[in-house]
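Encoded as structure tokens, the structure appears first; notes follow it.
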Amino acid sequence: MAMSSGRSNQEIVPFSGDLEVPVQPVDVQRQDSLYLDATRPAHGGHHAGRDSWLRTLRLGFQCVGILYADLGTSPLYVYSNTFKYGIGHEDDVLGVLSLIIYSFLLFALIKIIFIALYANDDGEGGTFALYSLISRYARVALIPNQQAEDELVSSSSRHRKPSAPFRRAQWMKNLLEASKPAKLTLFFLTIFATALAISDSILTPSISVLSAVNGLKLRSPNLTTDQVVWITVGILVAFFAVQHLGTVKIGYTFAPIVVIWLLLISGIGIYDLIKYDVGTLKAFNPKYIIDYFRRNKKKGWVSLGEILLCFTGTEALYADLGYFSIKSIQLSFSFGLLPSVLLSYIGQAAYLRKHMDMQYVPNAFFNSIPSTLFWPTFVLALTTSVIGSQAMVSCAFATMSHLQTLSCFPRVKILHTSSRYSGHLYIPEVNFFLCVASVIVTISFRTTGFIAKAHEICVALVMVITTLLMTIVMLLVWKVNILWIALFFAVFMSTETIYLSAVLYKFTQGPYFPLAMSAVLMVIMMVWHYVHVKRYKYELQHTVSPDEVKTLLERHDLKRVPGLGLFYTELVQGIPPIFPHLIEKIPTVHSVIVFISVKHLPIPHVDVSERFLFRQVEPKESMVFRCVARYGYRDTLEAANDFVATLVEYLQYYVRDLSLYCTAEPLRTSYPSIRIDSFSWDKKHSGHGSGIHAEEMLTPIQSFSELTMHQVGMSSRLGIFQPAKMNLEEMLRIEEDQKVIQREVDNGVVYILGETEVVAKPHSNLIKKIAVNYIFNFLRKNSRKGEKMFSIPRGKLLKVCIAYEI
């Protein structure tokens with residue numbers, strides 16, 4: 001059928017993102033069971049099961065190529081930046097080496113690898129994952145994201161004898177929930193750290209590739225700065241162009257190169273240690289740190305900013321947890337990266353203790369290697385520096401995915417590049433943005449010095465924010481002994497604050513640049529999240545009740561036109577408020593209406609037989625249904641025609657089964673993958689009578705394919721489930737309902753989408769008007785549209801314009 005587009009103007013907007021009603025403290029009730037069923041597939045599950053050693057070793061090998069190149073190339077520039085003004089005393093080398101050793105062990109190994117990796121949100125790491133985890137245990141998020149399972153654990157613990165850790169957790173929970181400033185501060189710190197991480201993803205490719213290409217000047221002195229810059233730009237473009245291949249392919253490609261690099265620098269470190277000064281191992285005595293600060297005072301404190309560069313990349317490693325597993329990272333880090341990097345630093349220190357002249361310091365790494373290994377080492381250093389950008393790019397993809405989960409960023413296309421591991425992502429829009437931004441930074445600043453100082457502020461600030469969030473997790477989620485929490489906070493907060501102060505001292509020399517970029521990203525996140533919260537609250541308060549829907553459908557002036565209307569909504573819990581307003585403005589709806597919510601689950605695939613969940617809206621004769629279409633992260637959305645064909649087929653099954661197994665409870669069965677139009681059952685159940693009893697209901701784990709086998713006598717495994725006894729009249733009514741659905745499909749299918757126009761109220765202040773009327777609407781218009789996601793043909797699309805004043 002042909003139908004013209006209609007537009008209505010009301011103060012409502014459809015909701016963007018997964019909506020979740022705040023759960024009750026004890027019984028965890030939803031509006032209906034459709035929400036919980038939609039998030040819990042009958043078969044399949046997340047890959048995060050028990051890891052085999054083979055899988056752990058395979059992921060550990062990929063870790064080397066994806067995560068460790070940035071950390072592995074830090075020996076190229078740490079000493080040259082720290083001693084850029086020369087070495088005043090030979091023991092200063094031991095002091096700096098001791099700082100490097102213990103900083104690396106403390107911040108990288110202990111804090112990140114053996115503590116922070118366990119503070120993950122369903123396998124995802126990073127500061128945003130910490131915020132999400134905290135939000136599950138305390139209502140600090142402006143949009144609640146508690147899972148039913150979390151509340152059940154919480155409620156069951158109420159009946160236990162309160163322990164000291166539990167009382168502290170309850171105190172922390174009450175403190176966070178009761179204080180609006182605490183909620184806002186927590187959210188602000190989280191998006192600030194997230195924005196810094198994304199900004200660092202722009203800086204890392206620029207500095208890594210530019211510093212590597214600069215090494216060409218050692219053998220080609222005539223190479224100009226412009227030539228170096230344009231060579232760098234070419235490499236950056238090529239690097240981002242291969243990101244679509246996926247993390248697995250990139251990891252297997254890069255890993256052998258990084259492994260050879262780590263073996264090489266560790267071997268050179270051992271060679272330098274033996275050749276120049278075995279006594280350099282004295283640096284493991286922390287007294288040399290005290291002596292270093294005593295001799296150098298302010299100069300030693302300022303140098304902490306450059307020493308900080310030795311563990312840049314550890315926060316990205318934490319954010320990239322979703323790509324791998326905890327065991328694989330711990331194994332490859334402890335036995336691969338750690339000894340190799342420390343041996344390289346020790347070997348360079350041994351060389352510098354014998355070569356303290358200023359001519360040797362700027363190129364300490366290359367000067368310390370045997371002359372016969374210069375070119376192989378240089379080529380590997382160049383290649384590994386390029387590879388070092390991969391960790392930050394992967395971090396940006398993982399971070400953006402998490403931002404999408406909590407609706408803090410405009411909708412972008414997220415591709416999963418692995419059928420085995422859900423954390424392997426590729427986001428075309430983000431990849432393009434990072435490429436363009438990195439090229440602009442490279443062309444604009446042309447040298448590595450400015451970018452290096454910008455790096456420091458990103459690392460230092462994210463370190464401090466991570467420690468704050470980790471402390472809350474320990475109190476609220478882990479409920480560990482208070483002495484361990486106090487020790488963790490005291491050690492890391494005190495040391496990280498000292499590093500941060502050293503970086504801020506040089507604020508005008510570069511650190512302001514990532515802060516400016518982060519400010520832009522924060523504005524985007526805060527505006528998008530603010531409007532999203534306002535829309536969420538409206539949807540939550542105006543969900544249409546079943547009685548209201550029944551009244552609407554029974555209106556005497558409501559016209560039912562031929563055809564099937566597919567009403568797309570992201571509200572799983574019930575009928576969205578846009579529906580009554582549409583009827584109010586245009587009292588005409590299709591003969592068959594299906595409210596469709598597309599739900600993506602954290603598993604690779606959802607079988608077609610389990611894809612659709614249906615509920616019928618009363619009154620039954622109105623032919624209005626609710627449907628959730630469930631997809632795994634590797635499933636692709638079908639074209640509109642194919643989607644409708646499959647949906648109608650399974651809707652027919654639902655209509656049949658709703659009467660065949662008549663019950664007041666909603667059916668929780670999956671449907672067969674082949675069409676069965678005949679009704680049959682065991683002869684002993686034939687005749688007239690009432691339906692089955694409640695205790696004869698099919699359990700959720702039993703599939704309809706087994707059910708059908710029981711009906712036709714092919715299996716006796718499901719004796720507890722018997723079909724309802726029905727007469728010929730009831731069978732004919734079911735057949736007629738099925739024919740009605742098919743007839744309306746033949747009459748035409750119309751796809752109904754809401755188009756929102758969100759504006760600030762007239763009396764709003766200027767800042768709010770700018771944020772809502774200009775920034776948000778600009779972002780909304782340039783984000784992915786629903787019709788593109790669902791491949792809806794334009795000729796069958798009906799858009800309803802909805803204006804909402806906030």
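Quick reminder: no glycine exception, Cβ is built from N, Cα and C everywhere.
So that you can see what the record holds, here are the features copied from TrEMBL:
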DOMAIN    61-548  domain 'K+ potassium transporter integral membrane'
DOMAIN    562-806  domain 'K+ potassium transporter C-terminal'
TRANSMEM  93-119  transmembrane segment
TRANSMEM  186-216  transmembrane segment
TRANSMEM  228-246  transmembrane segment
TRANSMEM  252-274  transmembrane segment
TRANSMEM  301-319  transmembrane segment
TRANSMEM  331-352  transmembrane segment
TRANSMEM  373-400  transmembrane segment
TRANSMEM  425-445  transmembrane segment
TRANSMEM  457-478  transmembrane segment
TRANSMEM  484-505  transmembrane segment
TRANSMEM  512-531  transmembrane segment
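Sequence-distant contacts of the transmembrane segment (331-352), counting only residues of its own chain at least 6 positions beyond either end whose CB sits under 8 Å from a CB of the stretch, comprise 56-57, 60-61, 63-64, 68, 71-72, 74-75, 78-79, 83, 87, 93-94, 96-97, 100-101, 104, 108-109, 113, 259, 262-263, 265-266, 268-273, 275-278, 280-281, 283, 310, 317, 360-361, 364-365, 367-368. Residues 67-68, 70-71, 74, 77-78, 81-82, 84, 96, 99-100, 103-104, 107-108, 112, 116-117, 125-127, 129, 197, 200-201, 204, 293, 329, 333, 341, 345, 388, 391-392, 394-395, 398-399, 452-453, 455-456, 459-460, 462-463, 466, 498-499, 501-503, 505-506 of the same chain lie 6 or more positions beyond the ends of the transmembrane segment (301-319) yet place their CB under 8 Å from a CB of it. A contact links the transmembrane segment (512-531) to the transmembrane segment (186-216), because at least 3 Cβ pairs that are 6 or more residues apart lie under 8 A. For the transmembrane segment (228-246), the residues of the chain that approach it from at least six positions outside its boundaries are 205-206, 209-210, 213-214, 216-217, 386, 389, 393, 415, 417-418, 424, 426, 428, 431-432, 434-435, 438-439, 442-443, 446, judged by C-beta separation under 8 angstroms.
Remark: the transmembrane segment (484-505) contacts the transmembrane segment (93-119), by the rule of 3 or more CB pairs under 8 A.
By the Cβ criterion (under 8 Å, sequence separation of 6 or more), the transmembrane segment (373-400) is not in contact with the transmembrane segment (93-119), since fewer than 3 such pairs are found. On the 0 to 100 pLDDT scale, the domain 'K+ potassium transporter C-terminal' (562-806) averages 70 in the predicted structure. Outside the transmembrane segment (457-478) by six or more residues, the chain places 107, 111, 115-116, 119, 127, 130-131, 133-134, 137-138, 168-169, 172-173, 176, 186, 189-190, 192-193, 196-197, 199-200, 203, 305, 308-309, 311-312, 315, 318, 484-485, 488-489, 492-493, 496-497, 499-500, 503-504, 507, 510-511, 514-515 with a CB less than 8 A from a CB of the stretch.
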